[in-house]
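Notes follow once the structure below has been shown.
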Amino acid sequence: MGVKKLSRKDYLNILESILFIDFLKGLSVTLKNLLRRPITTEYPKEKLTPPKRFRGAHGHYVWDGTEPDSLKAIEKFMSYEKAKSRCVACYMCQTACPMPTLFRIEAVQLPNGKKKVVRFDMNLLNCLFCGLCVDACPVGCLTMTDIFELANYSRRNEVLRMEDLEKFAIDFKQRRGNEPDRIWPNDEEREKLWGKIEWSG
């Protein structure tokens with residue numbers, strides 16, 4: 001049996017093993033990022049504004065005169081009041097939801113034959129925040145706001161009533177209603193997280 005000759009590639013592999021070349025390559029990445037500004041936000045002292053399309057707490061849009069004219073036909077079979085929820089108790093949100101136990105919707109028939117929603121509860125402990133209920137709503141009543149601080153000490157407080165949902169939507173519409181629909185609220189906040197983006201040409 002003859003002596004095996006080592007090729008140039010084998011010599012380089014041995015040299016890399018002795019000098020820890022791969023280790024130094026990995027360490028260079030670490031050292032390069034060590035000098036960069038961290039992207040972490042010191043929550044709760046510092047808070048970022050979520051984008052308008054953020055999937056936070058749900059809200060109920062109310063009858064305020066800004067709804068489309070096509071919804072005026074609802075007057076024939078629904079009893080509604082100004083500044084109250086647009087919900088028509090069609091149960092489409094509950095049907096579309098992967099967790100239908102999340103909703104508790106009740107409506108009553110009034111003496112004049114019209115229907116009135118008396119209860120709309122959402123148990124956020126069951127919610128996946130997928131937004132399927134918002135897409136399914138035929139009257140554009142349901143929306144998702146930018147409210148994300150929903151932690152509570154009691155399970156009972158995780159159930160949102162219709163009044164809570166109305167307040168969330170009114171507040172969201174006043175704060176962000178005229179804002180353009182963008183992924184990031186502004187370039188400053190995006191740069192704070194990811195640095196200045198330079199396009200390669």
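Backbone N, Cα and C atoms are what each Cβ position is placed from, and that goes for glycine too.
Residues or ranges marked as domain '4Fe-4S ferredoxin-type 1' by Swiss-Prot on the basis of sequence analysis: 78-107. Sorting each residue of the domain '4Fe-4S ferredoxin-type 1' (78-107) by its DSSP state yields 8 helix, 7 strand, 15 coil.
Sequence-distant neighbours of C93 ([4Fe-4S] cluster 1 binding site): residues of the same chain at least 6 apart with a C-beta under 8 Å from its C-beta are F103, C133, V134, A136, C137, L142. Look at Swiss-Prot and you will find C87, C90, C93, C137 tagged as [4Fe-4S] cluster 1 binding site, backed by sequence analysis.
Feature annotation from Swiss-Prot assigns [4Fe-4S] cluster 2 binding site to C97, C127, C130, C133; the stated evidence is sequence analysis.
Residues annotated as domain '4Fe-4S ferredoxin-type 2' in Swiss-Prot: 116-147. Proximity of distant same-chain residues to the domain '4Fe-4S ferredoxin-type 2' (116-147), defined by a Cβ-Cβ separation under 8 Å and at least 6 residues beyond the stretch ends, is recorded for 49-52, 54-61, 67-68, 71, 74, 78-80, 85-90, 92-99, 101-108, 110, 155, 158-162, 165, 168-169, 171-172, 176.
Here the binding-site residues are C87, C90; the one with the fewest Cβ atoms within 10 Å of its Cβ is C90. Proximity of C130 ([4Fe-4S] cluster 2 binding site) to non-local residues of its own chain (separation of 6 or more, Cβ distance below 8 Å) is seen for R55, P98, given in sequence order. Confidence annotation: the domain '4Fe-4S ferredoxin-type 1' (78-107) carries a mean pLDDT of 90 in the model.
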